[in-house]
Amino acid sequence: MSTTLLWFSSVIGYVIQTKCLSNIQSKKEISVGPNGTIATPETNGDNGNSSSLTFYLTFMYFASWLLLVPASRLWEKMRPMFVSDSDSNRNSQFDNNNSGSVTNEDVDTFSHVLDDPQPRIPAQQQKQKIISVATFKYVAKLTVLALIMIVADLTYNMALSLSPAFDVALMQNTAIFEIVTLLYGVCGISRKNYVFRNFLIMMNAVIGILIISYTKATCDMLAGKLSVNPNTGELSDPFLFDRLKGALICGLGALIMGPFAVLWNRWFCSNISKNENSAVVLVKQSTHMALIGIIGMVILLPFIPKFPSRESVESISLFYNDKSFWFSLLGSIIFGSLPSLISILELNRKAPAEYLTTCNLGAIIFMGLAEWVCEPTQTTIVRWEVIGYIMLTVSLLVLSVTLGEGKYHH
């Protein structure tokens, strides 16, 4: 599949995931009968319940990573339907010459666990192979990445419970774009071509984001979401401090994705050959992600929120019995998280590492379009907001061309 289709898949998947999770977090009442409703645990505000839904959504997000392995194997079988002729010839040549070679030492550590060993080795030798220095190093790497993802995803879900989906997407993707671009340059992962020109284009993109965020309050006021105090002339926003807190939490939590991106490329992408079968690489990296998900769930288990009252347990049970909750959750996983993660893994192999930062700019643009499509009567567009989107789109197109040069760089 081309990098363009993978790019759209990752961006649209992120938008679907964010909109679905925001729909769950913003739900204030649950229908319990023909005419009856009950407040959600988040609305009740009992001690221990204010973050219970955020915690469970984070836990379920890590659980969805277990589906990456079967999804990648399904993609491996369906891949001949989508690859181009050049990709097919390159992969067939590799299969004939190097089908048995594996260059990733960390995957070799668990190769006898993930696949059937050929030939089979005695149980004692297999046990000694599992308990080795390489195994502990591999588990330590996965644990570090799992801890980073726990912080990033908890802050992401917490921000969605406080702020609208667009505000969260704007803050998170801006922070990730800036920190990843900075660390890729400092750590020598990104290329040194056209550095000053790319810097000017990135500054233009950041200015466009600034204009969009600055005019957002004006758009909300014209749409009736905000009002003006007639006595003071100031905007009256009852959720102002929640929005500010959500933006701060999301922005700071997203910064940790910079070290995650650097460590992932150092540990699991540096040894990938451009001639290695992409389907095999995808299965290996999906296995890494699934193991990170398992470790993340294990770390989260001791911190399961406790409900202080019987009413809290009943409201949680009713919430999970609500069909819209499961439809939104399954939609965020099947049409959001899985396609986005698989596309990001493929893009990270096919294109230069810094090319992935364009997905963050695209997510902001498509999130704005999704808000306009889903809420046309509550969305008002002003001239300066359009100018901001134009600046951001032009920067995205130029960066996609300049950063996307040199495919199959690994």
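Including glycine, each Cβ sits where the backbone N, Cα and C put it.
A quick note: this is a predicted structure, and the numbers were derived from the prediction, not measured.
Looking up ASN35, ASN271 in Swiss-Prot shows the N-linked glycosylation site annotation sitting on ASN35. Among ASN49, ASN97, the residue that Swiss-Prot annotates as N-linked glycosylation site is ASN49.
Different topological domain names are assigned in Swiss-Prot to ALA165 and TRP267, which places them on opposite sides of the membrane.
Contacts between the transmembrane segment (142-161) and the transmembrane segment (356-374): absent, as fewer than 3 C-beta pairs lie under 8 angstroms at sequence separation of six or more.
Contact between the transmembrane segment (51-71) and the transmembrane segment (325-344) is supported by 3 or more Cβ pairs under 8 Å, counting only residues 6 or more apart in sequence. Long-range contacts of the transmembrane segment (198-217) within the same chain: residues 166-167, 170, 174, 177-178, 181, 226, 235, 361, 364, 368, 382, 384-385, 387-392, 394-396, 398-399, 402-403, each at least 6 residues beyond the stretch ends and with a Cβ under 8 Å from a Cβ of the stretch. Most Cβ pairs under 8 A with the transmembrane segment (356-374) among the ranges 168-187, 246-265, 286-305, 325-344, 386-404 are made by 168-187.
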